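According to Swiss-Prot, the protein has these features:
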BINDING   9, 10, 11, 12, 13, 14  FAD binding site
């Protein structure tokens, strides 16, 4: 008799994982604490409840990374994408969903599946035996979170996001910015040039502070937190403490020499640090923020060298429970310390409904394959799913790991021989390559 797979959490990731494993012939026990134990964000006990936006973002699978992820999930017969398409709302090129019928249909399909049984209970600690997928999301219960912390180490779980904006490297004006680590620290050339620096004059700095203070901000949601941790203060809060605070904090100019104008002394410097091994993404150091998204783009484009910046992710601070996955998970999403346990979804450090469901899809398939005596490798990094799982299980820098949406900066660069591609053509090249690779992976 085939042994059962236990899945904890029936959000996007857990629901998709359960569906995939059951469709492969593996019995699934799906554990969900709602509605018996609620959270401040959920309204119902339905599976895959959309607690924030009702959008799955762009459905363009030719020129958009999340649209490509939609395509891959459809190709893999994903339940979440099937139900999203069935309850689609008019939204231009985006995939918007009628959230309540969507959740109801996901719940019905899972409860009706002959190989899926649902247990309405809270799991309070990590199990020591059996096959498990933990897909409890950013609102993991405090008891389970404490158990995860105890097993993996005190620093392995973050309960509060300090998310800095991430910029595509190709959109940074390097005729203004330059590469240098503070005081030229580092033993190798890569280390000595690990940061991109954007200089500001006094007037530019003062205008930037004015814009920060005037920008629209979002407030913490009830149940998140009543205040800030000093280690991840929003830049606008630092500015409120004094106009010079940032210049003596993340924007301090010391130890840096402008490679373009060595005689000029910057009044302040904004630093960007590489965010992935490919060097295609850079985060703005110390720039966690609660500014609204529209305000962020206008304020951050005031920074010299970032006037035409393209953002892979904007900043934010909010409660989030997620693992330091590059340190703790192997490439099959197994916990290295307890390989019988996999993690999936937002708790692994991906951001967004679709990304969470995609990691659930992979975890469900990988766990089912293992139970059936087979090994299923992750998709190639040229695919959207492969790029995401590669990022969270080793491609990201462990010391600065933060939740990430899918974006083309996670993919291995496209060979641009024959001239520089236009952006749209380059994106099409990414998606065409990904579709071929994903189709081959599915067939294998």
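Cβ coordinates are placed from backbone N, Cα and C, and glycine is handled just like the others.
From a predicted model like this one, the values you see are computed outputs, not experimental measurements.
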Neighbourhood of residue 13 (FAD binding site), C-beta criterion under 8 angstroms, separation at least six: 135, 137, 344, 345, 346, 347, 356, 357, 359, 360, 363
Chain-mates of 9, 10, 11, 12, 13, 14 with C-beta within 8 Å of site centroid, FAD: 7, 15, 16, 17, 47, 48, 135, 136, 137, 344, 345, 356, 360
Distant-in-sequence Cβ neighbours of residue 14 (FAD binding site), under 8 Å, six or more positions away: 7, 8, 30, 32, 47, 133, 135, 136, 344, 345, 360
Under 8 Å by Cβ from residue 11 (FAD binding site), same chain, sequence gap 6 or more: 47, 48, 49, 135, 136, 137, 345, 346, 356
Listed in sequence order, residues with CB under 8 A of residue 10 (FAD binding site) and six or more positions away: 18, 30, 32, 34, 47, 48, 107, 110, 118
Where residue 9 (FAD binding site) falls in three-state DSSP terms: coil
Neighbour count (Cβ, 10 Å) for residue 12 (FAD binding site): 31
Set of same-chain residues at least 6 away whose C-beta sits under 8 angstroms from residue 9 (FAD binding site): 31, 32, 134, 135, 136, 137, 345
